[in-house]
Amino acid sequence: MSSSNLAVLNALDNARIQLYHVTAIIIAGMGFFTDAYDLFCISTVSKLLGRLYYYDPITGNPGKLPTNVNNVVIGVALVGTLSGQLIFGWAGDKLGRKKVYGVTLIIMVICAIGSGISFGSSAKSVIGTLCFFRFWLGFGIGGDYPLSATIMSEYANKKTRGKFIAAVFAMQGVGIIFAGLVSMILSKIFLSRYHAVPFSKDPILSTQPQADFLWRIVLMLGALPAMLTFYWRMKMPETGRYTALIEGNAKKAAVDMGRVLDIDIQEESDKLSEIRASNNYKLLSWEFFDRHGYHLIGTMSTWFLLDIAFYSQNLTQKDIFPAMGLTKQAADVSALEEVYETSCAMFIVALFGTFPGYWFTVLFIETLGRFFIQVMGFIMMSGFMLLMGVFYDDLKEHKWLFALLYGLTFFFANFGPNSTTFVLPAELFPTRLRSTCHALSAAAGKAGAMIGAFVVQTYTLDGDVTKIKLALLALSFTNILGACFTFFLSETKGKSLEEISGEDGGQNRTKTAARRSASWDGQLRQVI
């Protein structure tokens, strides 16, 4: 018995591209726009926080966040994200995707606004409340990962599913661009009204008091896109796969998806009962491990290794740019000028390196396949980081060549594992565990991101050239490991979700092993 013959699933797999597909991409994608903006905008203003709240005239240098404070400000949202991924991922399978989808946006709106308010005037009170709200902001952001990916995969047809999921994730690139753009525009507006001399000329007057409003506005604007999409999230029906395969309500699934697709769908309750009975295993079971153990190891390990490098690069840009001469040294600019220069550099790297990579994945994921794009991306990232690490001193004399290599690393991260590690967990696992397994994979990624935030950031915070070189070489090695662990994964392009996960009833242990062996052989041939 094949679940591909269940009318509602067959209709979803073979539906032509319609308005509801585009609507779902926009609704889910705006969540990722918000996620990326909220997570990355802190990098544009964290140095400003140091100047405002941690200036010590005894040092003779601009104010700077202490290492432990910097790590917490940058990393606390990642801790919240990891927690949110696990809890909302589990809730998405137990309670339904739709029921908890709007909750994540509410949390994001409240906490983005709260981050900007950050009560008090002392360093301790401001940073303390900022970290509190950014933890819960991350908690809401974390829920968006498994829910958006799962909803999009279950709505999409099998021929363009990879494109649709990748398009949702590509909105992260737009969010990163806007994090730099908004900071750049606002800091320029503030500079035009509140000019100040560089720190080297007057340490006190170089930090404009009005700058305290700038970072708050930048953080609070993260609430806007989430507010705009809340209504439309609430209007989305539950996915047909969840309603049918988990709730067991074939009639409602047929009615809901029939309305969305504008066709009549037969409910087929008898077939549904057989399908559900043959897939009633738990996450912590030998049946799951036999069918999907390698896949879960692969999705968790590759996302973990990728995010060590990806978040290290994104979060340490503000330290690498001055070291390479892409922005002026802190003593040569005022507080607002430093925000402006950092934001400009981040915006340019995002626009020409980060952003195109996401959309190359959207264009080529259904032709090249997930596996090839992921292995290629890891290898290219490793190569560029190796070049930057080995020839770092020479590249300091050719800063635009360094910027090119740095941008290409971002390009192949996004036309590579940063996109595919999001897509694959939404396809490889059965409906009843899809959201949970995606959450486990994403949480492993955030654990890697926390290493980037707490370890790599600490290592490169003082701008020491030797430390930056060693960090780049270490990140090159983690990328090679990521390419190796990709071989635990199977190619999913062109297949229905039920065929991939074995919910079609045609997968037993012997066939699982045979498919895995054939898949690895085919993947090796493809790479070679």
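Backbone N, Cα and C atoms are what each Cβ position is placed from, and that goes for glycine too.
The domain 'Major facilitator superfamily (MFS) profile' annotation in TrEMBL covers 24-494.
Summarising the annotation, TrEMBL assigns region 'Disordered' to 499-528.
Same-chain residues lying 6+ beyond the ends of the transmembrane segment (20-49) with a Cβ under 8 Å from its Cβ atoms: 64-65, 70, 73-74, 77-78, 81, 104-105, 108, 112, 127, 134, 137-138, 141, 144-145, 148, 151-152, 155-157, 160, 164, 167-176, 178-180, 182-183, 211, 214-215, 218-219, 221-222, 225-226, 228-229, 232-233, 236, 260-261, 314-315, 317-318, 330, 335-336, 338-339, 342-343, 346. According to TrEMBL, the feature transmembrane segment maps to 20-49 (among others).
Non-local neighbours of the transmembrane segment (69-88) in the same chain are 38-39, 42-43, 46, 49-50, 54, 100, 103-104, 107, 127, 130-131, 134-147, 311, 315, 439-440, 442-443, 446-447, 449-450, 453-454, 457-458, 461; each lies 6+ residues outside the stretch with a CB under 8 Å from one of its CB atoms. For 69-88 (among others), the entry in TrEMBL reads transmembrane segment.
Residues or ranges marked as transmembrane segment by TrEMBL: 100-119 (among others). Sequence-distant contacts of the transmembrane segment (100-119) (same chain, at least 6 residues past either end, Cβ-Cβ under 8 Å): 31, 34-35, 38, 84, 88, 91-92, 125-127, 129-130, 132-134, 136-137, 139-141, 143-144, 147, 151, 215-223, 226-227, 229-230, 233-234, 236.
Outside the transmembrane segment (125-143), and at least 6 residues removed from its termini, the chain residues within Cβ reach (under 8 Å) are 34-35, 38-39, 42, 49, 53, 69, 72-73, 76-89, 91, 100, 103-108, 110-112, 114-115, 117-119, 222, 442-443, 446. The transmembrane segment annotation in TrEMBL covers 125-143 (among others).
Long-range neighbours of the transmembrane segment (164-186) within the same chain, counting only residues 6 or more positions beyond its ends whose Cβ lies under 8 Å from a Cβ of the stretch, are 21, 24-25, 28-38, 40-41, 43-45, 148-149, 152-153, 155-156, 214, 217-218, 221, 314, 339-340, 342-344, 346-347, 350-351, 354-355, 357-359, 361-362, 365, 414, 419, 422-423, 426-427. Annotated transmembrane segment per TrEMBL: 164-186 (among others), in sequence order.
Annotation source TrEMBL lists transmembrane segment at 213-232 (among others).
Marked as transmembrane segment by TrEMBL: 344-365 (among others).
Within the same chain, residues 302, 306, 309, 361, 364-365, 402, 405-406, 408-409, 412-421, 424, 465, 468-473, 475-477, 479-480, 482-483, 486, 489-491, 523, 526-527 sit at least 6 positions outside the transmembrane segment (371-392) and bring their C-beta atoms closer than 8 Å to a C-beta of that stretch. The feature transmembrane segment is assigned by TrEMBL to 371-392 (among others).
Summarising the annotation, TrEMBL assigns transmembrane segment to 399-416 (among others). Long-range neighbours of the transmembrane segment (399-416) within the same chain, counting only residues 6 or more positions beyond its ends whose Cβ lies under 8 Å from a Cβ of the stretch, are 173, 306, 309-310, 313, 320, 324-326, 348-350, 352-358, 360-361, 364, 373-374, 376-378, 380-381, 384-385, 387-388.
As annotated by TrEMBL, transmembrane segment applies to 470-489 (among others).
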